[in-house]
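Report on the following structure.
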Amino acid sequence: MDYDRRYAAVILVVLSMFLHILHSLPDGDFIIQGCPECKLKENKYFSKGGAPIYQCMGCCFSRAYPTPARSKKTMLVPKNITSEATCCVAKSFTKATVMGNARVENHTECHCSTCYYHKS
């Protein structure tokens with residue numbers, strides 16, 4: 001009986017230490033390793049011709065929530081979870097001509113917004 005109490009006490013101490021360490025880390029520390037925030041980054045390929053060309057690059061996050069019952073009824077393949085993804089896109093941009101006659105967008109401001117183009 002005394003052995004069981006010590007065993008339970010050790011488990012509780014280890015669990016509380018683990019929770020303390022996990023709680024003290026910044027939010028999302030394990031999730032976003034190596035993924036920078038959504039911001040402007042110089043495009044080295046298009047910047048060769050003179051003026052720098054900037055593109056929005058980085059990570060945004062998605063959210064998931066339970067699918068509302070009325071929406072589930074209209075789905076061909078009903079799903080319990082609905083997800084909404086956001087992508088790093090230009091909030092504003094200017095048109096620029098590079099490499100003679102190629103027109104590109106030179107991004108001036110970025111934000112996370114609805115994804116319109118998905119990779120297949």
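Just so you know, glycine gets a Cβ as well, placed from its N, Cα and C.
The feature signal peptide is assigned by Swiss-Prot to 1-24.
With a cut-off of 8 Å between CB atoms and residues at least 6 apart in sequence, the same chain places Gly58, Cys59 near Cys35 (disulfide bond), listed in sequence order. According to Swiss-Prot, the disulfide bond annotation covers Cys35-Cys59 (among others), on the basis of similarity to another entry.
According to Swiss-Prot, the feature disulfide bond maps to Cys38-Cys88 (among others), an assignment based on similarity to another entry. Taking Cβ-Cβ distances under 8 Å and a sequence separation of 6 or more, the neighbours of Cys38 (disulfide bond) in its chain are Cys56, Met57, Gly58, Cys59, Cys60, Cys88, Cys110, His111, Cys112. According to DSSP, Cys38 (disulfide bond) sits in a coil region rather than a helix or strand.
Cys110 (disulfide bond) carries a strand DSSP state (E or B). Counting every protein chain shown, the Cβ of Cys110 (disulfide bond) has 23 other Cβ atoms within 10 Å. Summarising the annotation, Swiss-Prot assigns disulfide bond to Cys56-Cys110 (among others) and lists similarity to another entry as the type of evidence.
Residues or ranges marked as disulfide bond by Swiss-Prot: Cys60-Cys112 (among others). Cys112 (disulfide bond) counts 19 other C-beta atoms within 10 Å of its own C-beta, drawing on all protein chains shown.
The N-linked glycosylation site annotation in Swiss-Prot covers Asn80 (among others) and is backed by similarity to another entry. Annotation note: Asn80 (N-linked glycosylation site) sits in a coil segment as assigned by DSSP.
All protein chains shown were included, and the count of other CB atoms within 10 Å of the CB of Cys115 (disulfide bond) stands at 15. Summarising the annotation, Swiss-Prot assigns disulfide bond to Cys87-Cys115 (among others).
Around Asn106 (N-linked glycosylation site), the same-chain residues at least 6 positions away in sequence with a Cβ under 8 Å from its Cβ are Ile53, Tyr54, Phe93, Thr94, Lys95, Ala96. What Swiss-Prot records for Asn106 (among others) is N-linked glycosylation site, and it gives similarity to another entry as the kind of evidence.
Summarising the environment of Cys87 (disulfide bond), the number of other Cβ atoms within 10 Å of its Cβ, over all protein chains shown, is 18. Distance between Cα atoms for Asn80 (N-linked glycosylation site) and Cys115 (disulfide bond): 21 Å, as a whole number.
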